[in-house]
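Features reported for this protein in TrEMBL:
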REGION    1-25  region 'Disordered'
TRANSMEM  34-61  transmembrane segment
TRANSMEM  73-95  transmembrane segment
TRANSMEM  102-124  transmembrane segment
TRANSMEM  162-180  transmembrane segment
TRANSMEM  201-221  transmembrane segment
TRANSMEM  233-253  transmembrane segment
REGION    285-305  region 'Disordered'
TRANSMEM  313-331  transmembrane segment
TRANSMEM  412-429  transmembrane segment
TRANSMEM  497-522  transmembrane segment
TRANSMEM  542-561  transmembrane segment
Amino acid sequence: MPGPRAPGEPGGGPGERRPLLARRPRAPRRWRRAAAATVLLVEMLERAAFFGVAGNLVLYLNSADFQWAGEQASRAALVFLGASYLLAPVGGWLADVYLGRFRAIALSLMLYVVASSLLPVAAIPDGRRSFCGEVPQSPLAPACPSPGCASLSPSPYCAPTLYFGLLLLALAASSVRSNLTSFGADQVMDLGRHASRRFFNWFYWSINVGAVLSLLVVAFIQQNISFLVGYSIPVGCVGLAFFVFLFATPVFITKPPTGSQVSSMLKLALQNCCHRLWRQHSARDSQGARLLPDQRSPQPGPSPQEDIANFRVLVKILPVMVTLVPYWMVYFQMQSTYVLQGLHLHIPNIFPNYPGNSSVALGVQDSGYKIPEAWLLLANVVVVLVLVPVKDHLLDPLLLRCNLLPSALQKMALGMFFGFASVIVAGFLEMERLEYIHQNQTVSQQIGKNVYYAAPLSIWWQIPQYLLIGISEIFASIPGLEFAYSEAPRSMQGAIMGIFFCLSGVGSLLGSSLVALLSLPGGWLHCPKDQGNINNCQMDRYFFLLAGIQVAAALLFMWIARRYERTAHSTASQSHPSRDRG
């Protein structure tokens, strides 16, 4: 077995390509930093594009061009967000088995450019007609024969094309997410352990910087100027990221695909759960089993004993991550139902005395340049940008000196509590908004090309729920990543991280399914068509239902976490052959 390679040594595994430009003695460190900086720039541009697409997706689909109902637009946003996480293991698996991380990232960015181009093209009338056909005319229908009857909402215009494009976009984004992090860590691993830790800190920071740039600029353009221009900017960001990534190829360390343990895990699961099917599978392979050991082709990767040990670790970790799914149901509301709620609150103008302000209907307030509703996501981002350094440099060291530093699982439970508080605040705000709607006390405001009849409550009342979601992210999401990375065996860290992202996508899709279920006739989110664009759905009940699910999940999570920590403490003194955590 070859000995460990010294930092900066040009050797590597079979098929590994070292940077072409590392010539002089000090060059490796300089080029490693250049490669890491390139990865951070690519991530910032990709995240700016992603938030540029997701930030105003509800408003885009709810606009006069597509005329999707509010619950239909919220459902599409949740599906897109969920798929962008749910498909993360697919990109990681393709990179591990067939492509390698470099090729997987390059191909994903190329798909990203193509898929994101659909949104600005669909913002043009000719483009919509080319991809979606003509807008169907609503047929004349007789009035309801009884007061309690309910009519089904028509199928949203251009739904198959838009859903197909959004799913392709989600696949590209998830593949970049699952591979770019590890690819960046590969670039600095020769510089020592502290270099990797600093890289992850800057990587998380670059994600939020990209989000700030996107929400400040792109969201404003989309809401107040044009969706064509607003959705062309994400395409340009991804195109620039693709160019930068390919331009920096000579300084990258690239590694060939090394295989995946997914098949081994599936075999072990089949063996433990379905003994009859496993015996049939073993009988078909009996001919290969009769071969002598020297006649069998060598199989790279972990031994069967390590596979069994890793499977046992997975069985212990998975219940902890599964009980975090209801938290993700709440977390993704800030880019779906929170946006829909904000569109029906009073949004002030940026330039109240702008001379171009004009009414488009009786009682409509001055249109002008409205503050983008997506800007409220900045409250979440700013909280993360500010509190992460404070927590890392001040709070955690203080708690550590006092022996009060909570474990990752305890932080996750605290994060679930803040998520519960956020959705409760949103529920009470929705109750207050509906009171004004039911009393017909509304104000008219023009957002883009649409007129919204909103409650006379300022949109700034939504800031507390966004702040609470940001605090919950610090205590639930970041420690969740820490738990998944630290508790997984070294050979399964990529797979466990993929499962973590996948389960967060499951939470978003469950939230979308709940919205779809409650949007059926008779459901809380089934909104009869009113005069004007009034959202009188009973979203307060939906928010309180999410709060109840979050409480039940938090209690279950604390019970499972206590059992997990008790088991970990009892086995801490015992060595485990595959739990090398490095």
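Cβ coordinates are placed from backbone N, Cα and C, and glycine is handled just like the others.
In summary, the transmembrane segment (102-124) lies against the transmembrane segment (233-253): three or more C-beta pairs, each 6 or more positions apart in sequence, are under 8 Å. Highest Cβ contact count with the transmembrane segment (313-331) among the listed stretches 162-180, 201-221, 412-429, 497-522, 542-561 falls to 497-522 (criterion: pairs under 8 Å). The stretch in closest packing with the transmembrane segment (201-221), judged by the count of Cβ pairs under 8 Å and taken from 34-61, 497-522, 542-561, is 34-61.
Note: the stretches the transmembrane segment (34-61) and the transmembrane segment (412-429) are not in contact (fewer than 3 CB pairs below 8 A, sequence gap of 6 or more). Here the transmembrane segment (497-522) has Cβ contacts under 8 Å with residues 71-72, 74-75, 78-79, 81-89, 92-93, 150-153, 174, 177-178, 181, 318, 321-322, 324-333, 336-337, 480-481, 484-485, 488, 542, 545-546 of the same chain, all six or more residues outside its ends.
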